Amino acid sequence: MNIVLKLETKERQQLAEKYKSYEQVSKNPYITFFAKVGKTSISVYTSGKVVFQGNEAEKLASDFGHIAQVVPQKQTNLIGTDEVGNGSYFGGLMVTASFVSEENLNFLKEIGVADSKKLTDEKICQIAPKLIDRIPHVALVVEPAKYNEVIASGYNAVSIKVALHNQAIYLLEKQLGHKPENIVIDAFTTEANYKKYVNKEQNHPLTKVTLLTKAEDQFLAVAVSSIISRYLFLENLKKLSKESGFTLPSGAGNLSDKIAAQIIKSQGVDALNQLAKLHFANTQKAIKIAQL
């Protein structure tokens with residue numbers, strides 16, 4: 001486990017004093033203090049950042065302001081969110097928030113809800129319409145042109161996702177008319193980073209948000225959101241392929257570069273604004289290929 005804290009000078013001095021008997025030499029020029037407590041290391045950086053790494057990280061960091069994360073124990077009365085499209089050059093970005101109640105638990109298990117990455121696209125296209133029809137949810141679809149506009153306005157790849165997850169949760173809470181017991185986000189950034197960006201947003205959910213890695217494997221609500229988001233992404237990619245006259249691939253590999261280069265040659269570089277996330281490195285690679 002990794003926990004990162006930003007401590008003041010006095011707090012860093014207190015930490016160094018507390019663990020001076022565990023101090024070891026670090027070859028990293030940016031580390032001012034390094035200690036090994038059992039199997040857990042503590043690294044204090046010149047920037048003021050302190051990294052606790054190991055199985056006792058949470059326990060050691062709790063003495064310096066870290067609040068241990070409480071993982072929800074129930075599957076129901078819970079909102080879960082997930083996004084799809086953030087790693088694909090072509091296509092938009094889809095973020096879904098879904099609410100799972102006790103009455104829908106058996107239904108979800110019967111139709112085989114699982115993380116979308118574990119399901120074939122064919123299975124997703126079978127399941128997703130049933131989920132959309134029955135499960136309370138809010139899905140936000142950001143087309144490439146809108147995505148590029150938002151990025152150009154000052155957002156980055158992380159802050160745009162924070163804004164969308166936050167808004168989807170906020171709108172779903174309003175739709176439900178009551179507070180869920182828990183809200184779980186499939187973690188795509190650190191909790192500190194999430195808080196930094198979400199504090200800049202206008203709307204905020206009433207319920208505390210928990211960020212968990214691999215949450216789609218632990219909570220059905222997150223798995224539902226994963227499936228709906230994946231379905232919407234596939235539909236969006238299909239629509240954009242039809243409009244452009246090119247079969248647009250998912251992902252951000254070499255094939256994306258080659259297809260983008262073909263689009264540039266036939267329609268001009270501006271055509272990519274409607275089809276792809278321009279800040280990806282694929283854009284410049286495609287321009288170079290198109291010039292060959």
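Using the three backbone atoms N, Cα and C, a Cβ is placed for every residue, glycine included.
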Divalent metal cation binding, same site as Asp82, Glu83 - Swiss-Prot member from Asp121, Asp133, Asp186: Asp186
Candidates Asp82, Glu83: member of the binding-site residues with the richest Cβ shell (10 Å): Asp82
Other residues, Cβ within 8 Å of Asp82, Glu83, Asp186 Cβ centroid (divalent metal cation site): Thr81, Val84, Val95, Thr96, His165, Ile185, Phe188, Ala215, Glu216, Val222, Ser225, Ser226, Ser229
Cβ packing number for Asp186 (divalent metal cation binding site), 10 Å threshold: 23
